[in-house]
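Pulled from TrEMBL:
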TRANSMEM  6-31  transmembrane segment
TRANSMEM  43-60  transmembrane segment
TRANSMEM  72-92  transmembrane segment
TRANSMEM  104-122  transmembrane segment
TRANSMEM  134-155  transmembrane segment
TRANSMEM  162-184  transmembrane segment
TRANSMEM  190-211  transmembrane segment
REGION    242-267  region 'Disordered'
Amino acid sequence: MEDVVKFIFGVSGNVIALFLFLSPVPTFWRIIRRRSTEDFSGVPYNMTLLNCLLSAWYGLPFVSPNNILVSTINGAGAAIEVVYVVVFLVFASSRRTRLRMLGLASAVAAVFAAVALVSLLALRGEGRKLLCGIAATVCSICMYGSPLSIMRLVVKTKSVEYMPFLLSLAVFLCGTSWFVYGLLGRDPFVAIPNGCGSFLGAVQLILYAIYRNSGGNKAGAGRGGKQHAAGGADDDVEMACGSDAKGSNSKVADGVDGAARKEDRLV
């Protein structure tokens with residue numbers, strides 16, 4: 001019975017996470033239409049790619065038995081992020097931006113290759129699982145913690161303009177699904193980072209409940225968002241960017257587009 005419940009939570013985590021991975025599509029459709037990345041940052045997509053690669057590797061049977069659902073969604077996520085990175089490279093707004101993206105992509109490939117090769121050639125059994133699990137956990141926690149800057153902006157401006165409800169709900173549901181999956185599988189490398197994600201998602205929902213009816217300082221929020229856009233690589237590594245299939249189709253589209261705009265402002 002426990003295995004069945006674990007499987008159900010794993011499948012639900014796959015579905016929600018896939019929706020999150022696809023949420024930046026409106027942003028990239030805009031980039032393709034305008035044939036320029038404009039002021040968007042490519043850092044989140046490179047870092048999400050690294051997280052997906054490490055997590056997919058960790059879920060493979062010869063590293064971590066009985067975690068294939070971790071590999072399936074992160075393998076799909078890695079493929080999606082590769083497409084995003086390629087689009088960013090093709091339509092980079094300047095030579096400097098393109099070179100920076102190439103450098104980041106090369107660093108991602110190097111880090112993943114190092115972890116994979118060391119785990120394959122130098123480690124066995126629990127040692128292999130420990131190395132890959134720690135690498136994936138650290139990267140996942142960094143990604144889940146990235147919206148902290150936006151949460152700070154919400155408190156400062158008393159406006160939820162840059163923290164859409166659908167985004168926060170999706171982060172909470174995704175983190176909770178994988179947290180329960182990790183608990184049932186007695187796997188701390190799945191439970192710990194996703195427990196952090198579930199907690200931060202809940203905090204975002206609480207902030208939304210507090211400030212949803214507050215007009216806030218929208219002008220200040222706009223300035224804050226622009227500062228984030230210019231802030232560089234230290235902020236967001238966004239896995240948590242999506243919407244929920246709730247209400248009419250137009251509401252879904254608005255939620256996805258809002259989440260994508262939010263992601264772009266995080267960096």
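A Cβ is built for glycine as well, from the same backbone N, Cα and C atoms used for every other residue.
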Stretch among 6-31, 43-60, 162-184, 190-211 sharing the most Cβ pairs under 8 Å with the transmembrane segment (104-122): 43-60
Stretch among 6-31, 43-60, 162-184, 190-211 sharing the most Cβ pairs under 8 Å with the transmembrane segment (134-155): 190-211
Other parts of the chain folded back onto the transmembrane segment (190-211), taken as Cβ under 8 Å at six or more residues beyond its ends: 67, 70, 136-137, 140-141, 144-145, 147-148, 151, 154-155, 158-160, 163, 165, 167-169, 171-179, 181-183, 240
